[in-house]
């Protein structure tokens, strides 16, 4: 029991003292060790095992980012955007590259500990922000995993129905989902079974799960490349004209939609403790996997829009329909195989990332210590992995989680924005207070005000764009954001970082924040409500449990450490 808890156990704490403890706890941060002192858990079976090579990390990022969407989203967006959907994917990919650069720097600075965006926020800001980031990300992951499991089950059943005696003989509740009950409940048998199987693979060890991910991802990539090569010979260049029939605005709107097709590269950052050479491989894995995904998406877009006029695209399987119209029915079978492989890797990596996040919070005390335990021989966070599998199985087996898809992506955009802000704050040098409007203010406080200003301007610009406000309002919001970014650049002193360094700090991270929050404003209004409600619930959980059990220094005091491998190793 802590000193504070012992002193308070004899008498009921007063309201002022409770709030004092709450704020002092909430504002705690995790100390940042220098790169030469970066350490890992490596004794008594307490830590994860470094087994992932650069190739494994590349496949991990690709597996997380490219699911069945590459066979569907490309066509559905092209129906509204035209051949200009290619530019939409390039713009969205470029935006993700900016975020990836921020992730790459922090992955290089924190090469030995799991946690990703949660860990970065804990170090750069404080405990409560880190816990909020975790909760927003985790809800996305839980619902996303359940939704993907349902989609995978549906694809598997569709593939099985190609066998004549099974066609139309498999009940809908087995894989496609039963009829909805009260609009939310829908039974699905196969989805939980698939989740249990993947959870078993992940519990057996990172080596086994990495092999499965590698095989399925390579299968998926080979199929996509084959589809592109076959499709090239069916392209009619006249279908590319007009290139943007609905104007550049539709191309930009398409970019806001397809942005989420790239989500997943950040999964690489959560494998820090299992990478063989994290300081070198993590940045390469994050950026490299994203660039490969951009190339594949652009290739599919060019082929698809060249095979058929954009107005004829759309439907549930636009890519399969395009090849079928050319008499290439066998390609549809390959697309189904690719979709199954894509959904499997996306689900596998999603479950993997969730368990590593729970592991980080269990170690820090924000969640029960059970989540922070690692199996002595398997070297995997078995308890966290089983918990993640149980949550996903219940959601996928009993609920129609697809109806919740419009409240997803909140955690992703929140996490990306916080990571970009972490890059800026962790580069600041301490200096004396300065005068702003005649009042003394610390350099850090001034910088935080500038970052908050960028966030507010990004949201305002997004709202103005979404509701068709006068263009001048967007210009004003952008101008204020530029002014805040300029203040960050000229009024702060920045340190250089060892290892990979994000270029253009603080301007590039400020641009990332603005774009991410702009996209946040494009989400359904229910996503905004979800953000507020979940934040309130998270603060309540922290007030009841987290503030009394968290220990930012736990990862430095409970385990014996050794120096993490560096690039030279």
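Just so you know, glycine gets a Cβ as well, placed from its N, Cα and C.
Curation does not apply to TrEMBL; its annotations are automatic.
As stated in TrEMBL, the feature transmembrane segment covers range 215-233 out of the listed 215-233, 234-252, 367-385, 405-423. Per TrEMBL, the stretch carrying the note transmembrane segment among 18-41, 330-353 is 330-353. Cβ atoms under 8 Å from those of the transmembrane segment (84-106) belong to residues 74, 77-78, 120, 243-245, 248, 250-252, 254-259, 261-263, 265-266, 268-269, 282-283, 286-287, 290-291, 293-294, 297-298, 301-302, 305, 310, 416, 419-420, 422-423, 426, 497, 499-503, 508-509, 511-512, 515-516 of the same chain, restricted to positions at least 6 beyond its ends.
Contact between the transmembrane segment (330-353) and the transmembrane segment (181-203) is supported: at least 3 Cβ pairs lie under 8 Å, counting only residues 6 or more apart in sequence.
The DSSP breakdown of the domain 'Cationic amino acid transporter C-terminal' (500-549), given as helix, strand and coil counts, is 39 helix, 0 strand, 11 coil. Between the transmembrane segment (502-521) and the transmembrane segment (448-465), three or more CB pairs separated by 6 or more residues in sequence fall under 8 Å, so the two stretches touch. Across 57-78, 215-233, 386-404, the stretch most heavily in contact with the transmembrane segment (284-310), judged by Cβ pairs under 8 Å, is 57-78. If you average pLDDT over the domain 'Cationic amino acid transporter C-terminal' (500-549) in this model, you get 94. Same-chain residues lying 6+ beyond the ends of the transmembrane segment (215-233) with a Cβ under 8 Å from its Cβ atoms: 59, 62-63, 66, 70, 292, 296, 299-300, 303-304, 306-307, 319, 322-323, 328, 331, 334-335, 337-338, 341-342, 344-345, 348. The list of residues near the transmembrane segment (57-78) in space but at least 6 beyond its ends in sequence, with Cβ under 8 angstroms from a Cβ of it, reads 85, 88-89, 148, 151, 155, 210, 213-214, 216-218, 220-221, 224, 254, 257-258, 261-265, 267-268, 271, 275, 281-282, 284-286, 288-290, 292-293, 296-297, 300-301, 304-305, 310, 313-322, 335, 338-339, 342-343, 345-346, 348-350, 353.
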